[in-house]
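Student: Just dropping this structure here.
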Amino acid sequence: MEKGPFSVEWLAQSSRSGGRGMPGCPPQTPPSVPADTPRDREAAERRSPGHEAEPGGAAPGRSRTKFSAVQLQELERSFREQRYIRAGEKRRLAAVLNLSQSQIKTWFQNRRMKFKRQTQDAR
């Protein structure tokens, strides 16, 4: 059987060489990545105390954010004023509540879906 680009032998060879290049060619080394990237820091934070994974076999990644009563009160107040948050308000809330802008954005997305479910159930 011929070792074409989609044969079993070619796939086995390419997986042994890291999936780079053609069979018989030396494997290429990946470009060096700085050791202290934001992704590395986030991974280290997840491994630190207080960032344990949720029980129940949830997918690995960031653990669920537990909002304080003060944070929820301010987020709900802002939601009552306007369901779609503006960039300036997002930055302000993130600074005041000690949360990231992506956490604020996600909270608003989730809160809009909760609002939608509540209004549909009321009908």
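Numbering starts at 1 and runs along the chain as it is shown here.
Quick reminder: no glycine exception, Cβ is built from N, Cα and C everywhere.
What TrEMBL records for this protein is below:
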DNA_BIND  60-119  DNA-binding region
COMPBIAS  24-33  compositional bias 'Pro residues'
COMPBIAS  37-54  compositional bias 'Basic and acidic residues'
DOMAIN    58-118  domain 'Homeobox'
REGION    1-68  region 'Disordered'
Student: For the DNA-binding region (60-119), would you mind checking the mean pLDDT of the predicted model?
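Tutor: Over the DNA-binding region (60-119), the predicted model scores a mean pLDDT of 95.
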Student: For the DNA-binding region (60-119), what does DSSP give as the number of helix, strand and coil residues?
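Tutor: For the DNA-binding region (60-119), the helix, strand and coil counts are 43 helix, 0 strand, 17 coil.
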